[in-house]
Structure formats: structure tokens, C-alpha cells
Amino acid sequence: STSRQQNQPQGHYGLTSPISLAPPSDKDHIHTQKLIEAMKPFGVFEDQEELYHRTTVLGKLNNFVREWISELAESKNLPPSITEQVGGKIFTFGSYRLGVHTKGSSDIDALCVAPSHVERSDFFQSFFEKLKNQEEVKNLRAIEDAYVPVIKFEFDGIEIDLVFAKLSLPTVSDDLDLRDDSCLKSLDIRCIRSLNGSRVTDEILRLVPNLENFRLTLRAVKLWAKRRGVYSNIMGFLGGVSWAMLVARICQLYPNALASTLVNKFFLIFSKWDWPKPVLLKRLEESFLNLPVWDPRVNPSDRYHVMPIITPAYPQQNSTYNVSVSTRAVMVEEFQRGLEVTDEILKGKSDWPKLFEPLNFFQKYKHYIVLTASAFTEEHHLNWIGLVESKIRVLVGNLERNEFITIAHVQPQSFPGNEVLYKQSGFVSMWFLGLVFKKAESAVKTNVDLTHGIQSFTDTVYRQASALNILKEGMKIEATYVKRKQLHYFLPAGTLQKRKKQRVSDISQNNSGLQCKRSSLGESCSDGSKDRDSRTPSNSSSLNKISKLDISTAETERLFLISWPNSKSQVSPTEMEATVALRTPGPPTGCTIPGYDTVCQLRTCFVQEQHKLSGTLITDPRSASPKQHYSPSSK
């Protein structure tokens, strides 16, 4: 290990030799079998029938792509000798390619590789039209302006996310190897991004010493991450490929270890990892292509990444650029808990189901922000919440920059609105953010103004929605500050009680909640069912107690002003006062909705007992606007 590090170039992040080469013991085998039994009720193992169906669908899709490419060659009057040989191929990547697909999770990430005569415009036009005419294809939609452009559809019941890349080759053979860097030559950046998913997945599989142990360990880590609410790239946690690389690194360090040991070592290593030291599966390599790669010595922006996990395939990139200080802190805390639990398990003091107990998010914090996105129609709502969800990490970053906030923890799972919200705003989805405030040094009340962070977030969402031309009448974003005891006004009936009392023995009823639900602009995963039905009633009678008063735009700078005594004060937590504000801002200048002006509308929502309210935001109720507000919100 020492000699290897000495031979590496100065400034390189060294990769150590395996920490342990010891063979597994009989006790390790027993613990691994118990780990498998503990995971079975969660449906993490797919059955052979599902596997066969997915394989059949991919075979049909591959033939479909080859047929389309051949027809396109004929339409472009290519010589018959070329038309007969153009080929084309479907590659899979992500969970399916890694071999960790779960039962009931039907989505597959796939890549369409085409020869040089096929343009991206052909993929989103003629191929899209060809798919539209197939009886087996349902829910077809194209997202051409995404970071990685994609066509999403269901093929014979299997959800497919299909990205596109054309190579600088006249034909695409069946034995094409995408791991060769030469296949990137002369490609535009979107094609390189599309190829990256497949290239990274194949490189991970090549770099792990034992595929069986890697896959079983990854299944356990992914299940744990979903149950603990830290599986969501779009929300600033880690996505599937990042968790796979962390597990792969542990497999490299302990090449002979079984899954039970690897899971324990996973928590041991990463609970003590010296972030932002990057995690690498192999040393950074240079290439004749001179594409931009992750390197903080060269790129100043890379120095701000707080939890870098670097993809092993060229061009190497940081897969965790969405991670913030708060989300990293939450994950490190979960790593530490995982280490404590697995240590107890391996000592015989506990059992594996304890590792997969869900996070009790709604009892974890004293202060929360409820973020609500609503739209009048279901179609608009689906587009709107996709955009809002993809930008929530912007709100988390804004809150982190507030000098009085130490943690802004977003729960990846969204919740449907209650009956009252549905009647007022149509289709509604809500996200919850837990807040930890710094302790004040003096005994004087501390005022925390969250207005700027909230306003910046909503402006970002509105501008993007306007740029994408999806901003519609009736779209709204609302943010409400509440205390823990007030969460029952917003959550569906029984949710708080279930979160408080749920044990692993209940999980057989919640298998559907373990699946990763992808929005049109990204992905998010949760430990519970992600119900999009906004009509589900919750505590509507309690919510009716909330009084809603309009405020003038002159007071916008004071909208999110929160006051509470600091820890040295003699006031008990139950007597802490806070101004609770709900905002319904309109779009910033330049964002318009058909048939609606751009005047900013703001209102406050007080969900505390009236005699405990503090602050100066209340205005004359007689000046309140009509109940119905129209203001854009993000998808």
C-alpha cells in the first residue's frame, strides 16, 4: 500500500490496497443469511417471471430500434450496401444493468446507440412518432430540454427511460464495446452525457472483485437508504449510481468479505470519511480527447463540492454535485447510526430488521417548513411538481446560507394535499423540511428572516417554468413555517401516528413505497408510498381553523420573520412564540401566465392559537382579497 501511494503523482488522491484479505468465517455466512431473510419482506429480490418479462421487452425494443434506423437510412437515400448494415443497439444501465433490480420496480434505464446518419432530431421526431403508433406503448412523453434528453414511455407494462447517442461510425455492430474511449470522439456533450450512464455502470461492474457480494450488499444499502430517507439525487442526497460506487469502494477494500461484513464496513468507513476527500474507484486518467473532468486542482468550481464521489469512466465527473452541507450532515448522522446498529447485530445484541426501521422524520425536529405546490388540473400538476421537486435543493441551499440555521433537512417523500386544499387550489403536493436553528448567545429574542431565501427559490422556479413554457394559470407555490405540534394540520390522517409507531414488521404492507418514483426532470425515492392523489382527505376540520389574512407588498421583506427565545431564556419550549407565514407569490418580472397579470400576491397563515401569536404581520382582515388566488408554482 505504501509503495503504491509513493508511486502515484504528487497531488493525486491515493487509492489504498485492500484493508483485509481474510476469508469469511462460518459466523459471517450465518449473518449474511440472516441479512437476506431480513430483506425479503421488502421485495428487494425480483422473481424469474419478472426478469424474463423485462428481458423480452428489451429484446423487442432493440429490434424496434434497428428497424427504425434502417428505415431512416432508406429515407435519407443511403446506398443499399450501407442500409443493410447500419445496425443500432440498446444498452441498459443503472439498477437493471447492475443486477439489483427490485420486485415490482418496472422502470429500466436504457440507451439507444445509433450510427452517424441518425440525428438527435430524428430520435425526438420520427422515432417518437413510430413509438406513438405502437399498441404496446403507453404514457409516451419526450423531455428534449433536460440535462440528459430522454423519451419516457411504458412498453408492454415496463417503464422505459430511453436516452440517445449517435456515434461517429457508419454502422453500429452487435459487439460494440462502449468502454473504449474512442467511441466518444467527435461527439457533442449531450451524446457524451447519454453514453456516460452505460460506461460508468460497466466500469463499476468491472472494478468490483466479487459481483455476488457486491450486488447483495448494494441491495441492503439501497434498502436502508430508502427507509432512512437519504435516497434521492434530486433532493441533494445520493442517487443509485452514487450508492453503487460507495459500495464498490468497500468491496475493493474488503475483497473476500461477505455482505453482512461489507454492510458493517460500509458504515464504518463512511461515518469516519474525511469529506470532502473524494471517493474514487480508480485513479483519475487523462485522455487524448481532452474533455473536462472533475479536478479541483484545475477547476475552481470543483473545490466547492462537499461530498465528491467520482465516476470511474472517462470523462470522470462528480455524481454528487447536488449534495449540500445539510444533506451531507444528515447522511453522516445516518452512517453513524448504521454503524452502531450493525455493530450490535454482529455482536448478537440486535437483529437485521432494526437496520431497516424507517426514519421518524416528523418527530425529529421542532421546526418545519411545509412547501406546497398546486395546480388546477392533474396534467398541469404533474408537470408543476416535477419542476418544483427538481428545485427544492435550491431552497435547502438558500436556507443553509441563513446565519441562524444549521440544518435544513428535506424529506424526499411528497404528500398529497387534504380535502380543504383540494377545494381551494386543485391538485396539491406537499414537501416537509425540518429546521435546526443555532442557539443564541444572549437572552434576547432572536428574529430570523427567511423571506429572501424563500423569494429567491420561488423566483428561480417561476423563471424556469416560464422559460420551459409550462407556467399555467392556477399554478402556485406556498411555504408555511410550522412547529412539530402543528404538523397534523397538513399531514394525511394517521400519518404522524403511523410514523411514530411503525415497526419493520409492518413493511410487508408498504412494498410499493420502496420504489424509486421518477419525475420528468429527475428522480426521488422515499420509504413510503408516494401518493399523487391530491383528493386524499386529512385533518380538514383542523385546517379550517387556520386564518388567512392578506398583507401588503410593502411588508414582503418581513414575510418570513420568525421570533423565538433562545436556549438561555427561561421560557419553556411550549411557550415559544413564532410568526407563521404562508406565501403565495406571483411570478417575477418577465414570467407571465396566459390570461393573468404578474402582480405579486402574498398572504399569511397563522396556525397557532391566536393569543400566542407575535409579530406585526397581521393587517385588517376586512382588506383581505378574495379567497381564490392564481399564482404560478413549479413542477
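Backbone N, Cα and C define each Cβ position, glycine as well.
TrEMBL lists 1-10 (among others) with the feature compositional bias 'Polar residues'.
Per TrEMBL, compositional bias 'Polar residues' is recorded for 505-527 (among others).
If you look up TrEMBL, you'll see 14-208 marked as domain 'Poly(A) polymerase nucleotidyltransferase'.
Across the domain 'Poly(A) polymerase central' (213-357), mean pLDDT in this model comes to 95. Annotation source TrEMBL lists domain 'Poly(A) polymerase central' at 213-357.
Summarising the annotation, TrEMBL assigns domain 'Poly(A) polymerase RNA-binding' to 360-420 (among others).
If you look up TrEMBL, you'll see 426-498 (among others) marked as domain 'Poly(A) polymerase RNA-binding'.
What TrEMBL records for 1-28 (among others) is region 'Disordered'.
TrEMBL lists 501-544 (among others) with the feature region 'Disordered'.
Taken from TrEMBL, the feature transmembrane segment covers 229-248.
Proximity of distant same-chain residues to the transmembrane segment (229-248), defined by a Cβ-Cβ separation under 8 Å and at least 6 residues beyond the stretch ends, is recorded for 94-95, 98, 100, 197, 200-201, 204, 207-208, 214, 217-218, 221-222, 262, 266, 270, 279, 281, 309-312, 319-320, 322-324, 326-327, 330-331, 334, 358-359, 361, 389-390, 392-393, 396, 410-413, 516, 519, 521-527. Per DSSP, the secondary structure of the domain 'Poly(A) polymerase RNA-binding' (426-498) breaks down as 27 helix, 24 strand, 22 coil. Between the domain 'Poly(A) polymerase RNA-binding' (426-498) and the listed ranges 14-208, 213-357, 360-420, the one holding the most Cβ pairs under 8 Å is 360-420.
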